[in-house]
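A.B. asks: The structure's right below; bear with me while I get my questions together.
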Amino acid sequence: MFQYQVPKTFLRRAGPYLKAFFIPTGELLASSLALEFWRIHKIVSAKNIEKTYKDGQDLSNIITEEKRLLAIYGSKTIHLIEAIIKYDAEKVIRPKCTFNIISKLPPLRDWIHDVRWLYDDSNTSIIQEISSHQSTSNLSTKKINNSSELAVAFAHNFVEIWDVQQLCCVYSIQCEDLCILCSARFFGNTRDSLILASGTAFNQVILWKITQKNEKGRGVVFKRLIGHEGSVFGVRFNDDGKVIASVSDDRTIRVWKITDDNPKPLILYGHMARVWDCLILNDHLISISEDSTCRVWHNRISRNMNDDDISDVDCLACWEGHVGKNIWSLAINPSKTIVATGGGDSGIRLWSLSSVTNNKIDSEKDLVKITLPSVDTYIQLNESSQIPLPSREHVRNFVLVDYCTIVIATNFGCLLKHNYITNEWTSLNNSTNLQNYTMMKASKCGRIVCCGSIDGNIYVISVNKEFKTIKKKLHEFKVFEIFFEESSDPDIIYVISHAVHNDIYILKLELNCKINNVPKFEIYHKLLVPQNFLLMSLAFCPPHNLLVCGSRESGLIIFNMTHNTIDRKLDKSTIELSPVIYLKDTHRKQAVTSVALKFNSSESNNGDDLLNIYTSGRDGGYVKYRLRCLPTSGIYNNSEDGSKIIESCHNGDYLLEKSVDDESLSINTNLDLISGYDLILEEIYRAKITKGWIEKVMFVDDELILLGFYKKRFFVYNDTKKFEMLSIACGGAHRVWHFKAQDKRMNKASFMFIRKENVFIYSRETTISNDGFNEYKLQENFHGKECRNVRFLSYSPKVPHNYRLFKSDPIIFATGAEDSLLRLFQYIPDEKENRLFSLCSIKKHSSVIKNIEWSFGNELLLFSCGASEELTCWKVEIDVSHNQKKTSTQTPFVNINCLEWASCPVVSEILETRIMDTSVCSISTNNEYHIIAAVYSDSILRVWLFDEEKRSFFLIGMSKFHNKCILQIENVVIKAKESMTEDGILLFTSATDGRIAVWDISHYIHSYLVSYTTELKFQHHTPYNLGTPIFSYQAHQSGVNCLALHQMTNLTTSNFIKESYMVVTGGEDNAIAAIILEFTYHEFKGPNSGIRIINGSTILSTSIDQRLNLWNITFKNLINNDEISEQSEESKFELIKSEFVNVCDPCCMDVLRINDGNDKNDKLMIATSGIGIELFQINL
Amino acid sequence: MGKSSKDKRDIYYRLAKEQGWRARSAFKLLQIDEEFNIFEGVQRAVDLCAAPGSWSQVLSKKLNEIRPEDAPLPKIVAVDLQAMAPLEGVIQIQGDITKVSTAEQIVSHFEGELADLVVCDGAPDVTGLHDMDEYIQAQLLLSALNITTNILKPGGTFVAKIFREAFIVCQNYTPPKDYKPTMIDPLLDLSYSSGNELLGPNRVIVPFIACGDLNGFDSDMTYPLEKKSLDPLQPPISAPYRTAINLKQNNFYNKIS
């Protein structure tokens, strides 16, 4: 968790692991289990570095090898590690890094808060002597030649100095202030100069000298820093030791000049939760907090602040790259340019400190204000006197044609080109029609500006005077909006013009087809939009002839321009087009501000994929859709002759079913899947990014960039890398603004807006090719809060073949957590480190996710449930990534789409009821039907039918037996055999009162399914009362937290089937209970039950003592009656193996059996999760 | 007890407000009493780490309820580092339980007699660093045990929180012969290793007993209750974040960001 950096390489802790990363590329160089059972709290490097140079001398100045000595500690343990970094002399390949454990200090007396290497120049010779003396006997000690003493600060405010050669304590001192510390930090490199700053649980920072004792032999406090209102969680010195930063429970950072007699601290408020650490740099302070942000502040105290200098804006940046709770660790590289943070979410991120000044624009002086030249330079005032000019000249509108060139429309109706670098002004056009009002847009290429007037005229103007201005009377009334859409031919540009009364045309501008120096500019289509659809944004896809439009009323429509034969002809050239797809309320009733299209790059097995559509909205989010062809219509092509496609559509059931009105306009308000003609639109992903507005979604170098306004600022957010790239104080959202960026690092970018009738410009062009690193994330993050459930996707034999992607299936699992995120991960074994690769992360649940279940039906489904009675069904599509396909030897990376498929209705009468657990099975003969048994915190068991085709939940039945919160549920399907006609379905439930109940719901399920499938007009009837359990028993004193079933050997006779199940439960009472239940199915009759203890088995358990235990259960006594036998004294649990689990509060576990095609080599993959996740592998 | 997060607003959270307890933990002590009858015959009781005072409330109420008519009024001393709002019939000491002086102060209120019952529901502020939290909780428990050896009479009862919802109930205090109460911290040791260090005869786990009537309320269950949210009975007196909260209420954070 706490790191230490050397140039370009970077060391960090993750639990007990010590890892090294190479910063320029983000690669992991080494990973070592360095501290066994303890978390590494800090890595402290000795000062001296043993360097080896090329050619054996330092003449070449090329280092080929570096050795450094590290002290790492956690809890009460210190280990000394040697880190060897080997550099490639030619710098072609990345360095190699290895860690060797040199020695371990014996267990120490108390919790360690800090360690420090001590040096003493006068003793160097002695140390070397010791080293050489010992080198024969102890292989390791010869390496400790630069420092032999380690100072250690403990939680009870005492310090010990350890000789690391002899591994013994040579000095010990207790501070006179007997106080529990929450933090401590040394300053000084020698024993005599060493001081300790102790951050106490009683809100103080105590400074004391290690060698200065009072008459009782205790360390004397020489300074107290008083002012914090809560425990002090972190203390840091600056480089010269004269300034201290302390952070606290009170959410403040206080910076103290300790050279002052009564230091008055600089107090910084801003973090929304407890602050854990704060680094002091010359100009900046960098802090990390429980609020999962890292903030950068002005360091006013180091720059001799005076009170007049106080600015409101102390916080320069708030980096939000971690999720959930807590950033625990913070480090900076030696040149103080790159900041690294480690979160409670297991993620490690890098941040560029220079970006703080580059990417946060607060000052007016960074903005260029454009002032119009005097009017007589571009308009002859007397000449146009027949129409009076407006009273005042000012900027009306403007567009950005280049990074430094804009075109301004003035109130007098003039169009002026302005290069603000050269300060050149060029008049492009004057028109009285454009007085007082001008709607304008520029083409992306910057060659053309298009203006719309208040009287419905459209002007097409060449910025570089390539052609004569085109004027076209297109509309009756005012032009609202103009859009430019490029085609693959740079000389063909589409213009969409939108005027009052939904008068919308799409026109085609052909620049290489000029008559009298005027390009061809003709109406292509007239577009008909639904009522209450005020066109606000659009994107055109010429290859597919599709136009996607968003409205102010949150609607989304798609026009199919190929589809033209059935439309009425207005005149010989104008075709009226109606949308084929209309989706309402796509952005929570807020405006759809932009549409972006992206072609599916991967040649997936679904060749019918057309493209992905992204929309942004004023709800602060963006949505990703997928547009596909109906499978029946074949491959969609660019043919202008659409007749074939239409034909096939008219024959398809889909169209008949979905076409609802005479205009063949399909309108659907609720479903995410809409089909119109041959197209299917599906919502794939939705995310909320800001409390403000998102005004634009776009792709820069394939990274998803969102532009928006929040409070008084304009921001640029990189959603691919999850961080804010640029933030400009512009005063708030503006009606007219433009942004242009050349590269994903925003090295060349311009942002311009109109404020108070003036154009303001922020523009930059930097040559910094990068910040010293390419990858913002060094390590993928996990959930930011406790993970509640983990479920492997198991490729069981019954899984249909099309889900089986490879010989060795990729290992995929789903997790749900307190942070309400549903996530999917792929586990990728790697030579250095087995990695988790985040496939997707979905925020849909409003609160904790309690359980997730996979189910194979016609499609692969995933059910997630949790608080507020949320039960959601997801359709998961797994696809092998295109570029990985060829490397068949390695496990392929997969692409995953997780589509929200359906939500279960809320039925409990009690508010805030939670769904505690679910158990899902699909009925074998009818794959589209899934049975979901769910247990609720209102103590009711509810059983649902999910119809995959209709995407609906139906409540089959419910029952209340436990009268307590039900915690767990599992199901067992007993396959119909011989004379049995139907599968038996048993449910096992457990509750907070320690009871286990067994239910037979077969009859209810089958009779419900019969009426559901046979009744043509199925009327949803009153749910069944599922009655009482067939059997129940008391397994624990209190809550049963886990429940596992295992099928034992079974006997089948001609008349009845016997099946035995072992039920193993784990409780809040720290106990594990195992019981064997035997069920006998008689012919055509319901089951009865009896218990017999017959066999032994192996179980795995995990609990909050952080151990994964493997048990063997032996049942010795064979009792043959129908009674329960709880007296199993002769049966016993035998602990076979116990592994330490690094995950805190483990609360869920799942097991995957892996078969590499060789039956003998079955392995078990075990995932345990709580705060973090850990995977184990057991060979069977 | 504030208006805390959704998952913690269980039935007891609401019942506590309705019944006038300062915290839901009051029910835990009541349930322990149901099981172990710890209040019987108690004249002198000490509540360590008492703030916000729900256990002192329980002590005050129960000890007075079960007091025979002729018996003197029970004496209850509540100790905490933090200031606590006053409670009728409870003597308050603002002090550190690791200090001998605090023990002396407690005993002085009992006119030199020792206590019949010592309870401790103390928990440090959890940081989220699991290993450190565990260590500090152990230190706190040890401190509570240390001071208890100074103030509890032989035969007395000691009840303390171990972690989260788990408590230890020690009855019939019998100090070893010649045992001298001390305040020196032996620093409770917790160590992890591979395998399970508690095996064979060493693997003695103190039997776990679920307290409270299983037919009573279930904290995990959702009950139909009024929607109305009740205000905390006793807001924290000196929360470390109070200045930050004040700033927030004055819109400070909106101004700076």
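The backbone N, Cα and C atoms fix where each Cβ goes, glycine too.
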A.B. asks: Have a look through B:D10, B:D96, B:D178 and flag the one TrEMBL assigns to the S-adenosyl-L-methionine site that B:G53, B:W55, B:D80, B:D121 belong to.
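C.D. replies: Record check against TrEMBL: S-adenosyl-L-methionine site with B:G53, B:W55, B:D80, B:D121, extra candidate from B:D10, B:D96, B:D178 is B:D96.
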A.B. asks: Count the Cβ atoms, other than its own, that fall within 10 Å of the Cβ of B:D80 (S-adenosyl-L-methionine binding site), considering every protein chain shown.
C.D. replies: 21
A.B. asks: What is the separation, in Å, between the Cα atoms of B:K161 (active site, proton acceptor) and B:D121 (S-adenosyl-L-methionine binding site)?
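C.D. replies: B:K161 (active site, proton acceptor) and B:D121 (S-adenosyl-L-methionine binding site) have their Cα atoms 5 Å apart.
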A.B. asks: May I have the DSSP-based helix, strand and coil counts for the residues of the domain 'Ribosomal RNA methyltransferase FtsJ' (B:21-165)?
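C.D. replies: Secondary-structure composition of the domain 'Ribosomal RNA methyltransferase FtsJ' (B:21-165): 55 helix, 33 strand, 57 coil.
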A.B. asks: Of all the binding-site residues given, B:D96, B:D121, which has the fewest Cβ neighbours within 10 Å once its own Cβ is left out?
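C.D. replies: B:D96, out of the binding-site residues B:D96, B:D121, has the fewest neighbouring Cβ atoms within 10 Å.
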A.B. asks: Whole number in angstrom, please: the longest C-alpha to C-alpha distance across B:G53, B:W55, B:D80, B:D96, B:D121 for S-adenosyl-L-methionine.
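C.D. replies: Between the outermost Cα atoms of B:G53, B:W55, B:D80, B:D96, B:D121, the distance is 18 Å.
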A.B. asks: When you measure from the Cβ of B:G53 (S-adenosyl-L-methionine binding site), how many other Cβ atoms are you left with inside 10 Å?
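C.D. replies: So the number of other Cβ atoms within 10 Å of B:G53 (S-adenosyl-L-methionine binding site) is 25.
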A.B. asks: For B:K161 (active site, proton acceptor), list the number of other Cβ atoms lying within 10 Å of its Cβ atom.
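C.D. replies: Cβ-Cβ neighbours of B:K161 (active site, proton acceptor) within 10 Å number 21.
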A.B. asks: Are there any residues at least 6 positions away along the chain from B:W55 (S-adenosyl-L-methionine binding site) with a Cβ closer than 8 Å to its Cβ? List them or say none.
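C.D. replies: Correct list: B:S25, B:A26, B:L29, B:D47, B:V119, B:D121.
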